[in-house]
(Lines of atoms letter the chains of each structure in order from A and count residues from 1; the text may use other names and numbers.)
(Lines give C-alpha, C1' and ligand atoms only; values in the text may rest on other atoms or scores of the structure.)
Protein backbone atom coordinates (compact mmCIF):
# COMPACT_ATOMS: atom_id res chain seq x y z
CA UNK A 1 0.00 0.00 0.00
CA UNK A 2 1.23 3.48 -0.85
CA UNK A 3 2.50 5.46 2.17
CA UNK A 4 0.32 8.41 1.15
CA UNK A 5 -2.81 6.23 1.06
CA UNK A 6 -1.84 4.73 4.43
CA UNK A 7 -1.47 8.20 5.96
CA UNK A 8 -4.89 9.22 4.60
CA UNK A 9 -6.56 6.09 5.99
CA UNK A 10 -4.94 6.38 9.43
CA UNK A 11 -5.82 10.09 9.55
CA UNK A 12 -9.44 9.20 8.70
CA UNK A 13 -9.44 6.67 11.55
CA UNK A 14 -8.29 9.38 13.93
CA UNK A 15 -10.78 11.89 12.52
CA UNK A 16 -13.75 9.54 12.89
CA UNK A 17 -12.88 8.69 16.48
CA UNK A 18 -12.24 12.33 17.40
CA UNK A 19 -15.54 13.37 15.80
CA UNK A 20 -17.45 10.81 17.86
CA UNK A 21 -15.61 11.84 21.03
CA UNK A 22 -16.36 15.54 20.54
CA UNK A 23 -19.97 15.29 19.36
CA UNK A 24 -23.04 15.85 21.48
CA UNK A 25 -25.35 15.39 18.47
CA UNK A 26 -26.40 11.91 17.35
CA UNK A 27 -25.94 12.70 13.66
CA UNK A 28 -22.33 13.84 14.12
CA UNK A 29 -21.56 10.78 16.27
CA UNK A 30 -23.04 8.55 13.58
CA UNK A 31 -20.90 10.27 10.94
CA UNK A 32 -17.79 9.64 13.05
CA UNK A 33 -18.62 5.94 13.31
CA UNK A 34 -19.15 5.73 9.55
CA UNK A 35 -15.81 7.43 8.81
CA UNK A 36 -14.16 4.93 11.15
CA UNK A 37 -15.74 1.99 9.35
CA UNK A 38 -14.93 3.21 5.84
CA UNK A 39 -11.31 3.99 6.76
CA UNK A 40 -10.54 0.52 8.13
CA UNK A 41 -11.98 -1.41 5.14
CA UNK A 42 -9.03 -0.83 2.73
CA UNK A 43 -6.60 -1.82 5.48
CA UNK A 44 -8.47 -5.09 5.92
CA UNK A 45 -8.65 -5.85 2.20
CA UNK A 46 -5.03 -4.98 1.35
CA UNK A 47 -3.89 -8.64 1.51
CA UNK A 48 -5.95 -9.44 -1.63
CA UNK A 49 -6.75 -12.90 -0.27
CA UNK A 50 -10.19 -14.60 -0.27
CA UNK A 51 -10.19 -14.79 3.55
CA UNK A 52 -9.38 -11.09 3.78
CA UNK A 53 -12.15 -10.21 1.32
CA UNK A 54 -14.60 -12.36 3.25
CA UNK A 55 -13.61 -10.73 6.54
CA UNK A 56 -13.92 -7.25 5.01
CA UNK A 57 -17.38 -8.02 3.64
CA UNK A 58 -18.60 -9.43 6.94
CA UNK A 59 -17.22 -6.46 8.86
CA UNK A 60 -18.84 -3.97 6.48
CA UNK A 61 -22.26 -5.64 6.65
CA UNK A 62 -22.23 -5.85 10.45
CA UNK A 63 -21.05 -2.27 10.93
CA UNK A 64 -23.54 -0.95 8.38
CA UNK A 65 -26.38 -2.79 10.12
CA UNK A 66 -25.34 -1.41 13.51
CA UNK A 67 -25.02 2.12 12.10
CA UNK A 68 -28.50 1.86 10.57
CA UNK A 69 -29.90 0.77 13.95
CA UNK A 70 -28.22 3.74 15.67
CA UNK A 71 -29.62 6.14 13.07
CA UNK A 72 -33.09 4.61 13.41
CA UNK A 73 -33.02 4.81 17.22
CA UNK A 74 -31.75 8.40 17.28
CA UNK A 75 -34.29 9.50 14.67
CA UNK A 76 -37.11 7.83 16.59
CA UNK A 77 -35.95 9.47 19.81
CA UNK A 78 -35.78 12.89 18.10
CA UNK A 79 -39.27 12.36 16.67
CA UNK A 80 -40.64 11.51 20.14
CA UNK A 81 -38.77 14.07 22.25
CA UNK A 82 -37.54 16.69 19.79
CA UNK A 83 -33.94 16.27 21.01
CA UNK A 84 -30.84 15.06 19.14
CA UNK A 85 -28.61 15.49 22.18
CA UNK A 86 -26.78 12.27 23.16
CA UNK A 87 -26.95 12.99 26.88
CA UNK A 88 -30.69 13.84 26.80
CA UNK A 89 -32.75 11.15 28.59
CA UNK A 90 -34.17 8.95 25.87
CA UNK A 91 -37.07 6.52 25.81
CA UNK A 92 -36.17 3.06 27.20
CA UNK A 93 -37.01 1.41 23.87
CA UNK A 94 -34.71 3.67 21.83
CA UNK A 95 -31.99 3.36 24.49
CA UNK A 96 -32.25 -0.43 24.26
CA UNK A 97 -32.00 -0.36 20.44
CA UNK A 98 -29.01 1.97 20.62
CA UNK A 99 -27.22 -0.22 23.17
CA UNK A 100 -27.90 -3.33 21.06
CA UNK A 101 -26.43 -1.59 18.01
CA UNK A 102 -23.33 -0.48 19.93
CA UNK A 103 -22.96 -4.01 21.33
CA UNK A 104 -23.03 -5.32 17.76
CA UNK A 105 -20.40 -2.77 16.73
CA UNK A 106 -17.86 -3.82 19.37
CA UNK A 107 -18.70 -7.54 19.34
CA UNK A 108 -20.49 -8.14 22.64
CA UNK A 109 -22.25 -11.49 22.95
CA UNK A 110 -24.78 -12.56 21.69
CA UNK A 111 -23.91 -10.38 18.65
CA UNK A 112 -20.29 -11.57 18.67
CA UNK A 113 -20.27 -14.17 15.89
CA UNK A 114 -18.56 -11.90 13.35
CA UNK A 115 -15.57 -10.96 15.51
CA UNK A 116 -13.54 -14.25 15.55
CA UNK A 117 -14.07 -14.81 11.81
CA UNK A 118 -13.13 -11.25 10.90
CA UNK A 119 -9.98 -11.27 13.04
CA UNK A 120 -8.97 -14.63 11.58
CA UNK A 121 -9.15 -13.22 8.05
CA UNK A 122 -6.91 -10.16 8.56
CA UNK A 123 -3.28 -9.64 9.47
CA UNK A 124 -2.10 -9.23 13.05
CA UNK A 125 -1.48 -5.50 12.58
CA UNK A 126 -4.97 -4.87 11.22
CA UNK A 127 -6.39 -7.13 13.93
CA UNK A 128 -4.67 -4.94 16.51
CA UNK A 129 -6.44 -1.86 15.13
CA UNK A 130 -9.78 -3.70 15.09
CA UNK A 131 -9.36 -4.91 18.67
CA UNK A 132 -8.22 -1.62 20.19
CA UNK A 133 -8.75 1.61 18.26
CA UNK A 134 -12.10 0.60 16.75
CA UNK A 135 -13.53 0.06 20.26
CA UNK A 136 -12.92 3.64 21.41
CA UNK A 137 -15.68 5.49 19.54
CA UNK A 138 -18.48 3.01 20.37
CA UNK A 139 -17.41 2.96 24.03
CA UNK A 140 -17.59 6.76 24.17
CA UNK A 141 -21.26 6.44 23.18
CA UNK A 142 -21.87 3.46 25.47
CA UNK A 143 -20.72 5.41 28.52
CA UNK A 144 -23.18 8.21 27.65
CA UNK A 145 -26.13 5.95 26.82
CA UNK A 146 -25.64 3.51 29.73
CA UNK A 147 -27.41 5.81 32.22
CA UNK A 148 -30.69 5.45 30.31
CA UNK A 149 -30.36 1.76 29.41
CA UNK A 150 -32.20 -0.90 31.43
CA UNK A 151 -29.63 -2.25 33.92
CA UNK A 152 -30.71 -5.85 33.38
CA UNK A 153 -29.73 -5.54 29.72
CA UNK A 154 -26.19 -4.46 30.63
CA UNK A 155 -25.86 -7.30 33.15
CA UNK A 156 -27.15 -9.85 30.63
CA UNK A 157 -24.72 -8.62 27.97
CA UNK A 158 -21.83 -8.75 30.45
CA UNK A 159 -22.56 -12.26 31.72
CA UNK A 160 -23.18 -13.62 28.23
CA UNK A 161 -19.97 -12.04 26.89
CA UNK A 162 -17.71 -13.32 29.68
CA UNK A 163 -19.13 -16.84 29.45
CA UNK A 164 -18.97 -16.94 25.64
CA UNK A 165 -15.47 -15.45 25.68
CA UNK A 166 -14.33 -18.11 28.14
CA UNK A 167 -15.99 -21.13 26.55
CA UNK A 168 -15.31 -20.08 22.96
CA UNK A 169 -11.56 -19.87 23.36
CA UNK A 170 -11.09 -23.30 24.93
CA UNK A 171 -10.96 -25.38 21.74
CA UNK A 172 -9.21 -22.87 19.46
CA UNK A 173 -5.80 -23.40 17.87
CA UNK A 174 -5.70 -20.16 15.88
CA UNK A 175 -4.16 -17.37 17.96
CA UNK A 176 -6.21 -14.61 16.33
CA UNK A 177 -9.46 -16.38 17.24
CA UNK A 178 -8.20 -16.86 20.80
CA UNK A 179 -7.50 -13.13 21.04
CA UNK A 180 -10.95 -12.43 19.58
CA UNK A 181 -12.67 -14.47 22.31
CA UNK A 182 -10.38 -12.79 24.83
CA UNK A 183 -11.65 -9.44 23.54
CA UNK A 184 -15.27 -10.57 23.94
CA UNK A 185 -14.63 -11.60 27.56
CA UNK A 186 -12.88 -8.34 28.42
CA UNK A 187 -15.68 -6.31 26.86
CA UNK A 188 -18.13 -8.12 29.14
CA UNK A 189 -16.16 -6.97 32.19
CA UNK A 190 -16.21 -3.38 30.94
CA UNK A 191 -19.93 -3.27 30.16
CA UNK A 192 -20.88 -4.70 33.57
CA UNK A 193 -20.01 -1.51 35.49
CA UNK A 194 -20.69 1.02 32.71
CA UNK A 195 -23.77 2.26 34.60
CA UNK A 196 -22.76 1.97 38.27
CA UNK A 197 -19.08 2.99 37.96
CA UNK A 198 -18.09 4.33 34.51
CA UNK A 199 -14.62 5.26 35.77
CA UNK A 200 -13.90 1.55 36.32
CA UNK A 201 -15.02 0.90 32.74
CA UNK A 202 -12.46 3.47 31.62
CA UNK A 203 -9.71 1.80 33.70
CA UNK A 204 -10.64 -1.62 32.27
CA UNK A 205 -10.65 -0.24 28.71
CA UNK A 206 -7.21 1.36 29.09
CA UNK A 207 -5.65 -1.78 30.57
CA UNK A 208 -7.32 -3.94 27.92
CA UNK A 209 -5.88 -1.78 25.12
CA UNK A 210 -2.38 -1.92 26.65
CA UNK A 211 -2.46 -5.70 27.17
CA UNK A 212 -3.99 -6.47 23.77
CA UNK A 213 -1.44 -4.23 22.04
CA UNK A 214 1.38 -6.08 23.80
CA UNK A 215 -0.11 -9.48 22.84
CA UNK A 216 -0.60 -8.61 19.14
CA UNK A 217 2.83 -7.00 18.81
CA UNK A 218 4.51 -9.97 20.49
CA UNK A 219 2.83 -12.49 18.19
CA UNK A 220 3.59 -10.30 15.19
CA UNK A 221 7.25 -10.14 16.20
CA UNK A 222 7.38 -13.94 16.51
CA UNK A 223 5.39 -14.47 13.27
CA UNK A 224 3.03 -16.77 15.18
CA UNK A 225 -0.58 -17.30 14.11
CA UNK A 226 -1.13 -20.88 15.36
CA UNK A 227 -0.61 -22.64 18.68
CA UNK A 228 1.81 -25.08 17.05
CA UNK A 229 4.07 -22.22 16.01
CA UNK A 230 4.53 -21.21 19.64
CA UNK A 231 6.31 -24.49 20.40
CA UNK A 232 9.30 -23.44 18.30
CA UNK A 233 9.46 -19.86 19.58
CA UNK A 234 11.56 -20.68 22.66
CA UNK A 235 14.67 -21.59 20.65
CA UNK A 236 14.35 -18.54 18.40
CA UNK A 237 13.81 -15.74 20.93
CA UNK A 238 13.80 -16.95 24.56
CA UNK A 239 13.53 -13.49 26.12
CA UNK A 240 10.53 -12.47 24.01
CA UNK A 241 8.90 -15.85 24.66
CA UNK A 242 9.26 -15.40 28.42
CA UNK A 243 7.71 -11.93 28.14
CA UNK A 244 4.92 -13.34 25.96
CA UNK A 245 4.05 -15.81 28.73
CA UNK A 246 3.72 -12.93 31.20
CA UNK A 247 1.59 -10.94 28.75
CA UNK A 248 -0.81 -13.86 28.27
CA UNK A 249 -1.08 -14.46 32.02
CA UNK A 250 -1.78 -10.75 32.48
CA UNK A 251 -4.57 -10.99 29.91
CA UNK A 252 -5.97 -13.83 31.99
CA UNK A 253 -6.04 -11.60 35.07
CA UNK A 254 -3.44 -13.42 37.15
CA UNK A 255 -1.95 -11.41 40.04
CA UNK A 256 0.47 -9.67 40.50
CA UNK A 257 0.25 -8.60 36.84
CA UNK A 258 -1.61 -5.58 35.45
CA UNK A 259 -4.56 -7.62 34.16
CA UNK A 260 -5.62 -8.36 37.73
CA UNK A 261 -6.27 -4.64 38.37
CA UNK A 262 -9.59 -4.12 36.47
CA UNK A 263 -11.03 -7.49 37.50
CA UNK A 264 -10.24 -6.83 41.15
CA UNK A 265 -11.81 -3.35 41.14
CA UNK A 266 -14.88 -4.43 39.15
CA UNK A 267 -15.55 -7.44 41.40
CA UNK A 268 -15.17 -5.20 44.45
CA UNK A 269 -17.65 -2.67 43.06
CA UNK A 270 -20.20 -5.30 42.02
CA UNK A 271 -19.95 -6.95 45.45
CA UNK A 272 -20.41 -3.60 47.22
CA UNK A 273 -23.56 -3.00 45.15
CA UNK A 274 -24.96 -6.30 46.46
CA UNK A 275 -24.82 -8.35 43.24
CA UNK A 276 -23.10 -11.36 44.77
CA UNK A 277 -24.34 -14.00 42.25
CA UNK A 278 -23.25 -11.82 39.32
CA UNK A 279 -19.79 -11.35 40.84
CA UNK A 280 -19.50 -15.11 41.39
CA UNK A 281 -20.37 -15.95 37.77
CA UNK A 282 -17.95 -13.31 36.49
CA UNK A 283 -15.12 -14.64 38.65
CA UNK A 284 -15.76 -18.23 37.51
CA UNK A 285 -15.85 -17.15 33.86
CA UNK A 286 -12.45 -15.50 34.34
CA UNK A 287 -11.09 -18.94 35.23
CA UNK A 288 -12.20 -20.22 31.81
CA UNK A 289 -10.22 -17.49 30.08
CA UNK A 290 -7.24 -18.11 32.34
CA UNK A 291 -7.25 -21.78 31.34
CA UNK A 292 -6.64 -21.22 27.63
CA UNK A 293 -4.00 -18.59 28.41
CA UNK A 294 -2.26 -21.17 30.57
CA UNK A 295 -2.54 -23.62 27.66
CA UNK A 296 -0.73 -21.15 25.39
CA UNK A 297 1.89 -20.55 28.09
CA UNK A 298 2.39 -24.31 28.38
CA UNK A 299 2.82 -24.59 24.61
CA UNK A 300 5.49 -21.88 24.65
CA UNK A 301 7.50 -22.76 27.74
CA UNK A 302 7.05 -26.46 28.53
CA UNK A 303 6.90 -28.14 25.13
CA UNK A 304 9.46 -28.61 22.38
CA UNK A 305 8.94 -28.55 18.65
CA UNK A 306 7.92 -32.10 17.59
CA UNK A 307 10.49 -32.38 14.78
CA UNK A 308 14.21 -32.75 15.46
CA UNK A 309 16.43 -30.75 13.14
CA UNK A 310 19.58 -32.66 12.15
CA UNK A 311 20.91 -29.77 10.07
CA UNK A 312 22.72 -26.72 11.34
CA UNK A 313 20.40 -23.89 12.31
CA UNK A 314 20.49 -21.27 9.54
CA UNK A 315 21.64 -17.74 10.21
CA UNK A 316 18.92 -15.36 11.26
CA UNK A 317 19.26 -11.73 10.27
CA UNK A 318 18.70 -8.94 12.80
CA UNK A 319 15.04 -8.01 13.03
CA UNK A 320 14.21 -4.70 11.37
CA UNK A 321 10.87 -4.23 13.15
CA UNK A 322 10.61 -1.37 15.65
CA UNK A 323 10.43 -2.65 19.22
CA UNK A 324 9.92 0.54 21.26
CA UNK A 325 6.13 0.21 21.40
CA UNK A 326 6.44 -3.54 22.05
CA UNK A 327 8.80 -3.12 25.01
CA UNK A 328 6.75 -0.23 26.44
CA UNK A 329 3.46 -2.13 26.34
CA UNK A 330 5.05 -5.27 27.79
CA UNK A 331 6.38 -3.28 30.75
CA UNK A 332 2.96 -1.67 31.29
CA UNK A 333 1.25 -5.06 30.97
CA UNK A 334 3.36 -6.64 33.70
CA UNK A 335 4.21 -3.87 36.17
CA UNK A 336 1.26 -1.48 36.67
CA UNK A 337 -0.57 -3.26 39.50
CA UNK A 338 1.30 -1.35 42.28
CA UNK A 339 0.04 1.91 40.74
CA UNK A 340 -3.60 1.03 41.49
CA UNK A 341 -4.03 3.74 44.21
CA UNK A 342 -2.69 6.39 41.82
CA UNK A 343 -5.08 5.28 39.05
CA UNK A 344 -8.02 5.39 41.43
CA UNK A 345 -7.02 8.85 42.63
CA UNK A 346 -6.82 10.18 39.06
CA UNK A 347 -10.06 8.66 37.75
CA UNK A 348 -12.39 8.51 40.76
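Note: Cβ is positioned from N, Cα and C throughout, glycine not excepted.
As recorded in TrEMBL:
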- 23-287: domain 'NADH:quinone oxidoreductase/Mrp antiporter transmembrane' (DOMAIN)
- 290-342: domain 'NADH dehydrogenase subunit 2 C-terminal' (DOMAIN)
- 1-18: signal peptide (SIGNAL)
- 57-80: transmembrane segment (TRANSMEM)
- 92-115: transmembrane segment (TRANSMEM)
- 152-171: transmembrane segment (TRANSMEM)
- 178-196: transmembrane segment (TRANSMEM)
- 202-219: transmembrane segment (TRANSMEM)
- 240-262: transmembrane segment (TRANSMEM)
- 274-294: transmembrane segment (TRANSMEM)
- 324-347: transmembrane segment (TRANSMEM)
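Tallying C-beta pairs under 8 angstroms between the transmembrane segment (202-219) and each of 152-171, 178-196, 240-262, 274-294, 324-347 places 240-262 first. Most Cβ pairs within less than 8 Å of the transmembrane segment (178-196), among stretches 240-262, 274-294, 324-347, belong to 274-294. Using a Cβ-Cβ cut-off under 8 Å and counting only residues 6 or more beyond its ends in the same chain, the signal peptide (1-18) has close neighbours at 32-40, 42-43, 46, 129, 133, 136-137. For the transmembrane segment (324-347), the list of distant contacts is 199, 202-203, 207, 210-211, 213-214, 217-218, 221, 243, 246-247, 250, 255-261, 264-265: same-chain residues at least six beyond its ends, Cβ to Cβ under 8 Å.
Long-range contacts of the transmembrane segment (57-80) within the same chain, counting only residues at least 6 positions beyond its ends with a Cβ under 8 Å from a Cβ of the stretch, are 26-27, 29-30, 33-34, 37, 40-41, 44, 90-91, 93-95, 97-98, 100-102, 104-105, 114, 117-118, 121, 130. Predicted-model confidence for the domain 'NADH dehydrogenase subunit 2 C-terminal' (290-342) is 75, expressed as mean pLDDT. Beyond the ends of the transmembrane segment (240-262), by six or more residues, the same chain brings 182, 189-190, 200, 203-204, 207-208, 210-212, 214-215, 218-219, 221-222, 233-234, 286, 289-290, 293-294, 296-297, 300-301, 330, 332-337, 340, 343 to within a C-beta distance below 8 angstroms of the stretch.
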